[in-house]
Structures are given as structure tokens and as C-alpha cells.
Amino acid sequence: MHKRAIYPGTFDPVTNGHADLIERAAKLFQHVVIGIAANPSKQPRFTLDERVQLLKLVTAHLDNVEVVGFSGLLVDFAKDQQASVLVRGLRAVSDFEYEFQLANMNRRLDPDLESVFLTPSEENSFISSTLVKEVALHGGDVSQFVHPEVSKALLSKG
């Protein structure tokens, strides 16, 4: 059994879809590291520290989940964390092509690192951070898509 898995992402912001996948991963693996990518090329709305804090709030009830920010190659971060599995989410068939390319690239960079794909529950399958930010930016209510603390943080960002 794989003991340690990494669920990487930008999480800008963390959504109920992400939380759903984290819950599922926490049941499958002894320890799950949520790797929050610094990824400055995406121009995140929240700083890395803010994203780490929000994810810690969202996952506080899960004893086997740890939240860590990182920069650089994911395969290097996985090695540093002694993880042998990457958890990735698939919302729709359209996600598969990109995720398939990523999985193959990661496998080339580290043949011992496996990618496992999880799907969120149906009610969370359409949620994306991009859509949540767009709704919030235009003054819409995002409370059904994110944790209450994330909703507050989005409101404070304006």
C-alpha cells in the first residue's frame, strides 16, 4: 500500500471540489500532502501563505492531511516528501487530455511516481477556482462552492 500521496495544485482558491477530493484521498492513503504550488506565472489572487492558511482551515478535521507550499518541479517536491503517488482530480472528460500529458511527463521525470485520478462527487464536478473567482469578482454569492472562510477571504479581496 502506498503510504504517502501528494495532491498538488494552485488552489486559488480552494473549492468544495478540491475539499471533496482531499477527503477521498485521505481515505485511500495513510498520509496526504497538499502541495500548493507557488506558480507565479498564474498570477494568483491569493498569496502562497494565504492559500496555505485557507487549506489548513479547510482540512483541519483530517488528521492525516498536511498542507505545504512549494516551488519548482513537482517530482522534486514529491521526492522531498517521500511520496510515491500524485493525486489528480478529473472533473470532466475535457480535463483528461491535459492530465494524461502531465502524468506521462511526470512518469518520464520519475518512473517511480504514479498518478492516480479521482473524480469529485456530482454536485462538485463543475466547480473550478476560475469560475468561483469570476462569480466573486462580480459580487455573486460563492458560499455554496467554497468553505465559509474561503468565501470571507474572497469578499475581503474585493
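Along the chain as shown, residues are numbered 1 onward.
Any Cβ shown, glycine's included, is placed from N, Cα and C.
A quick note: this is a predicted structure, and the numbers were derived from the prediction, not measured.
Annotated substrate binding site per Swiss-Prot: Thr10, Lys42, Leu74, Arg88, in sequence order, evidence recorded as sequence analysis. Secondary structure at Arg88 (substrate binding site), as computed by DSSP, is strand.
The annotation ATP binding site is assigned in Swiss-Prot to Thr10, Phe11, His18, Gly89, Leu90, Arg91, Glu99, Asn124, Ser125, Phe126, Ile127, Ser128, Ser129, Thr130. Cβ environment of Ile127 (ATP binding site): Thr15, Asn16, Gly17, Arg91, Pro120, Phe145 lie under 8 Å away, each six or more residues apart in the same chain.
Around His18 (ATP binding site), the same-chain residues at least 6 positions away in sequence with a Cβ under 8 Å from its Cβ are Gly9, Phe11, Val58, Gly89, Ser129. Positions annotated as site 'Transition state stabilizer' by Swiss-Prot, on the basis of sequence analysis: His18.
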Glu99 (ATP binding site) versus Arg88 (substrate binding site) - Cα distance in angstrom: 8
Fewest-neighbour residue among binding-site residues, criterion Cβ within 10 Å, set Leu74, Glu99: Glu99
Neighbour-count leader, CB within 10 A, binding-site residues: Thr10, Ser125, Ser129: Ser129
Which of Lys42, Arg88, all binding-site residues, has a Cβ with the fewest other Cβ atoms inside 10 Å: Lys42
Integer Å distance between the CA atoms belonging to Lys42 (substrate binding site) and Glu99 (ATP binding site): 18
Pairwise CA distance, Leu74 (substrate binding site) versus Ser125 (ATP binding site), rounded so that it is a whole Å: 25
